[in-house]
Amino acid sequence: MNLNMRTDVEPRTEIPPVVITGLSGAGLSSAARVLEDMGWYVTQNIPSQFVVQLVELCADPHSPVDKIAIVSDVRSKEFSGSLEEVISELSGLGLKPLVVFMDARNDVLIKRFDNLRRTHPLQGSGTLLVGIEREREIMNQIKESADVVIDTSDLSIHDLRRSIELNFNGIANKLQHVTVQSFGFKHGSPRDTDLLIDVRFLPNPFWVPELRPFRGTDKPVSDYVLADEGAQKFLDNFTRMLRDMRPGFKHEGKNFITVSVGCTGGHHRSVAIAEELARRLREVPDLDVSVNHRDIARN
């Protein structure tokens with residue numbers, strides 16, 4: 001097979017190539033299937049020396065493939081260095097990939113491996129936890145430089161699909177993307193976030209009997225939360241701050257920003273504030289905004 005790239009045409013770069021990587025058991029294959037359903041050409045664990053050539057072929061204006069995703073995991077020999085070299089080479093060719101890192105907590109990964117009765121690829125003669133921690137150490141540098149980190153610890157397959165779809169909403173138009181997610185501190189703080197906000201300083205609708213059964217997406221709760229002067233001042237200030245931060249994020253090549261808004265249970269205050277914050281951010285030009293309520297259905 002001839003993998004030589006034509007040199008007489010400019011590469012097609014409207015949609016950047018995507019590299020999906022992360023921890024074994026964190027949902028790499030599931031993410032790949034979602035992208036396939038979205039019309040991406042997805043290939044898994046091809047030798048690193050072929051990745052650049054394949055992406056170049058797809059970048060050719062005459063190629064029928066306009067969206068390509070490469071899934072690469074720790075089973076690739078000398079994984080970390082190889083993948084970093086591939087990313088660097090593609091960037092030098094003007095084909096800088098979007099790197100998506102799939103992550104999950106150790107206890108969740110152990111449960112998933114146990115349920116499937118599988119051993120970890122780096123486990124050797126040790127325990128599952130030993131294999132997972134070895135992989136974390138190898139993958140840490142890739143995670144730190146990833147454009148998007150998706151923590152699948154608390155996501156169902158449907159939640160994961162929604163997260164992938166939301167993160168890729170604006171990619172074709174090269175828009176900066178902001179995901180505003182609400183959560184409850186009692187369920188743990190999200191690890192896949194850039195900016196974390198605590199709105200427990202606001203009056204809690206939970207203690208208003210007639211509001212307790214509702215959620216922050218319901219008008220009675222939303223009206224109650226947003227009627228507070230502190231809520232309005234916070235929203236004004238934070239929206240202004242994020243507008244001011246955007247050029248810096250853009251300069252650093254960070255086009256995917258996650259803002260996490262937390263209250264106690266993730267049902268009322270954080271949901272109402274996240275919805276209103278997203279509404280305001282949608283008024284900002286060239287910004288793609290999505291909302292995710294992580295804990296709204298939890299007890």
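Glycine too: its Cβ is placed from the backbone N, Cα and C atoms.
What Swiss-Prot lists as ATP binding site is GLY22, LEU23, SER24, GLY25, ALA26, GLY27, LEU28, SER29, and the listing cites sequence analysis. In this structure, GLY27 (ATP binding site) belongs to neither helix nor strand by DSSP; it is coil. All protein chains included, GLY27 (ATP binding site) registers 25 other Cβ atoms within 10 Å of its own Cβ.
Annotation source Swiss-Prot lists GTP binding site at ASP73, VAL74, ARG75, SER76. In three-state terms derived from DSSP, ASP73 (GTP binding site) belongs to neither a helical nor a strand segment and is classed as coil.
The binding-site residues examined here are SER24, SER29; by Cβ neighbour count within 10 Å, the least packed of them is SER29. Residues GLY22, LEU23, SER24, GLY25, ALA26, GLY27, LEU28, SER29 make up the record's ATP site, and a Cβ search at 8 Å around their centroid adds ASP73, MET102, ALA104, THR152 from the same chain. Cβ-based neighbour count (10 Å, all protein chains) for GLY25 (ATP binding site) stands at 25.
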